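Asks: One structure, pasted below without further comment.
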């Protein structure tokens, strides 16, 4: 009996009630691989698995698709070439801020730079553990440059992969928060949630059109039915005109904007070192890291109260028709010492409305001003007579006190505290506490004419001794402080600069303003010495004392070098032997001199300046200068030479040349054949 055609078999299977599927068509596609019936040898598993789905309902005589010439033989299709194994793609992970990390052998690398089609990567633990692991990617190829100094992060990597491989969740509500993995929230008193707004029912036709429109949106952007919509994000104004983001009783200050995303950092980042971050996109908030401190509930309530007061006054002025003076609302609140700004000191929170008299006076004053603003242009003389007395404004009749700084600037003195000038905006001058950098004090002050407004309280007592010293210096300006007749002494530095020598101390030049030259102590970075000096012609004035004794040995060595300059290496003809250079792993080059490695620092004319490779790791201060084939070393090394590393670099330098020779030999052989 002849076999039916494949189309007839499909029709019969459809008549029997079977649905056509992808598995039913596989035997037709894989007809190049045909098994022959053999009772002794079992059928291959791959062919049997392809045919069982389609031949389960067919009779046994239809199992043979093509005539078989030899039993027990599998006929394979001919292949013209061997299928090459495709290269494995690189694996990357996304960072919380939109970047990417390279995953290679359970190590994480962050991108450093890209040159052409090469991308250079360095270990993610480079800053924390000083790991020098490097990698270079070119297409799908990864080249490791150095070994890691720590084990691979297998547990954290598996956790990140599990987090990345989770199925996409339903659409988030507009006010909901997205909490990243590995982030635990700080326990704090939670604010009462707003009551959900009941949704208004829409007709069936509108719901139908709306459902059709929502089907065209991506799954993540479709609103989930039954989800409560929360209130929009809350923002508060800063005292300098910026905005704070309020989220779960924490305050965030704006950092940057990238596209539709706004990045925020915790306001306590500088004070407490808090590393919490937030990203807002529309009404959605994503918190990156947890806070290391509790929220300032009292301060937040004070800021909200201040915001409400500003809005009330603005509404009153708009209702009275004074649209031109709406920008001066905050100025009226800034009269006095603290106004509505809270103090973050010890004890309970106190606002600056403690006196009942000041309350009544401020109210009557705001009412009288709101009535007289419309007549402001015509009655300027009457307005000057209607101004309240200076007692109500907390204005010192003598004005604020200013003192000269040792370097020629100005200090603001208020309540025995010293403030340094920060910026000027219109008639307002903004000041910061002098001890901001040293003690982290966040106190600010604003001066406008004779008015002084303090923003935050100080975290330290006033420096009365330093204040009295500045006042005495102001009363008796010091021609006696200038050292006159002899004149200052100068010495050459090893790199061609100049040192100021005064009372056996060495000073490094900082800047020059007019005929004055400002100098800092040479040991400022090493010992934190804050001594300063100013030279004007032949006069020298020292500002602060040194915190260390003078370096007599170093001073004598500099004087000897000044008297007997070491120019033996530079005199005479150039040496015949060329300098040795080695390639770095990132494409630069090292200078090799007396088995030490130097990294290029700068070039000035024909001279090239080099510094020791181990400057950052070991603090070595050795320097070298090359001019042609001549080398001059400035300081000795504080460590022995790294002979093993030098030999490894030399072997790496020789390896590419050997590979090139092999390639040339192969090309020659092919040309001969």
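Along the chain as shown, residues are numbered 1 onward.
Cβ coordinates are placed from backbone N, Cα and C, and glycine is handled just like the others.
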Asks: If you check Swiss-Prot, which stretch out of 147-178, 179-210, 211-242 is marked region 'Disordered'?
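Replies: So the range that Swiss-Prot calls region 'Disordered' is 147-178.
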Asks: Looking at the ranges 299-350, 351-402, 403-454, 455-506, which is given as region 'Disordered' in Swiss-Prot?
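Replies: My reading of Swiss-Prot: the region 'Disordered' range is 351-402.
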Asks: Around residue 110 (SUMO2 cross-link), which residues of its chain at least 6 apart sit with Cβ under 8 Å of its Cβ?
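Replies: Spatial neighbours, sequence-distant, of residue 110 (SUMO2 cross-link): 99, 101, 102, 121, 122, 123, 124, 126.
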